[in-house]
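Here the structure comes first, spelled out in structure tokens, and everything after it is commentary.
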Amino acid sequence: MRVKIFPGRTSEGEVTIPASKSLSHRVLISAALAEGTSVLHHVADNQDTEATLRCLKALGAGSEKAADGLHITGIRDWSSYEGSVLDCGESGSTLRFLIPLAAMTGKVVTFTGHGKLMQRPQSVYEELFREKGLLFEKKDEFLRVQGPVPGGEYVLKGDVSSQFITGLLFTLPLAEKDSVIRIIPPYESRSYVLLTEQILKGSGITIHDEGLEIRIPGNQRYRPSERTVEGDDSQAAFFEALGVISGKPVCIHGINLESMQGDHAMLDILRKMGGSLKEMDGLVIAEPSVLHGTVIDLENCPDLGPVLFAAATQAEGVTKFIHAGRLRIKESDRIDAMEEELTKLGAVMHSEEDSAEISGKTKISGGVVLNGHNDHRIVMALAVLACNADSPVTIEGAEAVSKSYPDFFKDLKKAGAKVEQL
Ligand SMILES: O=C(O)C1=C[C@@H](OP(=O)(O)O)[C@@H](O)[C@H](O)C1
Ligand SMILES: C=C(OP(=O)(O)O)C(=O)O
């Protein structure tokens with residue numbers, strides 16, 4: 001799909017952000033592990049959460065859409081898994097959260113995926129599985145594992161992906177023995193581990209988190225629960241940036257102002273750049289602002305990288321991004337992808353392995369065709385910036401938004417942008 005974004009927003013806009021993808025994965029998984037039926041409200045509906053639900057069903061969880069919410073019945077008998085391949089789509093979270101859990105079946109489990117998923121690093125699990133004498137076979141197209149994953153000590157690197165820690169946190173409470181996870185610093189994306197622990201606590205699971213050491217008592221049971229998923233701060237970030245850089249305010253509904261999501265930091269990062277973001281009664285109003293460069297640490301909010309790169313082109317002076325290396329191992333190399341596309345728009349960006357610098361303020365030159373790099377966050381970040389261009393901008397591969405935000409372009413129109421689907 002190609003979309004054309006026309007310059008200037010026609011009106012002030014108002015959007016309601018979708019449910020958090022990260023929290024939706026987590027509530028679906030903890031419901032599938034519970035003994036009984038959980039009722040979930042406002043679960044994100046996108047390709048990634050669909051992948052998680054599909055895999056949980058293949059492992060034996062029940063799912064039924066009812067008038068009062070999504071009913072998830074926990075897996076009763078792990079050994080009833082009949083060996084069907086678990087297709088994780090392009091979702092790193094689905095794959096990394098479910099590898100140790102699916103191993104609980106005790107049977108050989110085969111995972112597959114699409115896009116770049118099967119090329120994204122799994123070395124952390126590979127080492128842990130080999131150390132424990134468990135099968136871990138990684139090929140270009142699929143991955144095979146066999147458990148069960150025992151309780152005990154797990155020592156792992158903290159700067160590849162926090163998703164390995166989350167996967168172990170879901171699994172180890174079910175092991176017979178107590179466990180300890182020791183994280184080798186630098187420890188990045190800890191915000192996501194805390195989010196996992198928040199959901200585990202709501203399922204009656206006890207975890208003792210002492211930073212680089214996490215203790216997990218064994219033999220625990222997940223409790224079914226009724227939950228409502230809060231709004232997605234990673235998606236709100238696109239509209240927060242839009243309101244601040246593109247001349248007319250945007251009212252954003254659905255943000256939990258007390259959220260623990262790492263990407264809630266977008267509000268303070270934009271404020272640090274001079275942005276005006278007002279909070280009132282569950283509503284955030286992002287107002288046109290004069291931005292200036294600063295240092296932005298992506299350690300706990302890697303998914304904000306692309307949209308902040310876009311916003312930084314509209315800030316006076318230099319914006320420096322640090323702890324950005326993990327952006328290279330997402331759906332695309334998000335640093336290279338943004339550097340390539342922002343350069344087409346006339347912006348100035350330079351990067352190193354773990355950092356990037358953008359010099360602004362740049363007048364955005366339209367009339368170009370941009371590549372979405374099969375990455376939802378690249379497409380959405382470019383679409384936001386394209387609203388500031390001096391002539392229309394076309395984005396190819398815009399369908400990538402379905403990974404996390406199928407209604408993104410509808411909402412961008414609600415925010416006052418002029419968008420045409422070609
Ligand atoms: O746990 C999660 O929900 C996520 C963790 C982060 O990944 P890393 O831990 O690999 O940085 C983030 O980039 C991803 O989009 C979602
Ligand atoms: C990187 C992302 O997700 P995942 O790692 O789950 O594929 C993302 O949503 O930006």
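Every residue, even glycine, has its Cβ placed from backbone N, Cα and C.
Remember, TrEMBL labels are computer predictions, not curated facts.
A quick note: this is a predicted structure, and the numbers were derived from the prediction, not measured.
R120 is the residue from R54, R120, R130, R190 that TrEMBL records in the phosphoenolpyruvate site together with K21, G92, Q163, R334, R377, K403. For the binding-site residues R26, S162, S189, K330, a Cα to Cα distance of within 10 angstroms from G92 (phosphoenolpyruvate binding site) holds for K330. A straight line from the CA of R120 (phosphoenolpyruvate binding site) to the CA of K21 (3-phosphoshikimate binding site) spans 19 Å.
Here the candidates are the recorded positions Q163, D303, R377. The one whose C-alpha lies nearest to that of R26 (3-phosphoshikimate binding site) is Q163. Each residue in the domain 'Enolpyruvate transferase' (11-412) has a pLDDT score, and their mean in this model is 97. Only Q163, S189, of the binding-site residues K21, R26, R120, Q163, S189, place a Cβ under 6 Å from an atom of ligand 1. Comparing local CB density within 10 A for the binding-site residues R120, R377, the maximum falls on R377.
Burial estimate for the binding-site residues (K330, R334): highest at R334, by number of other CB atoms within 10 Å.
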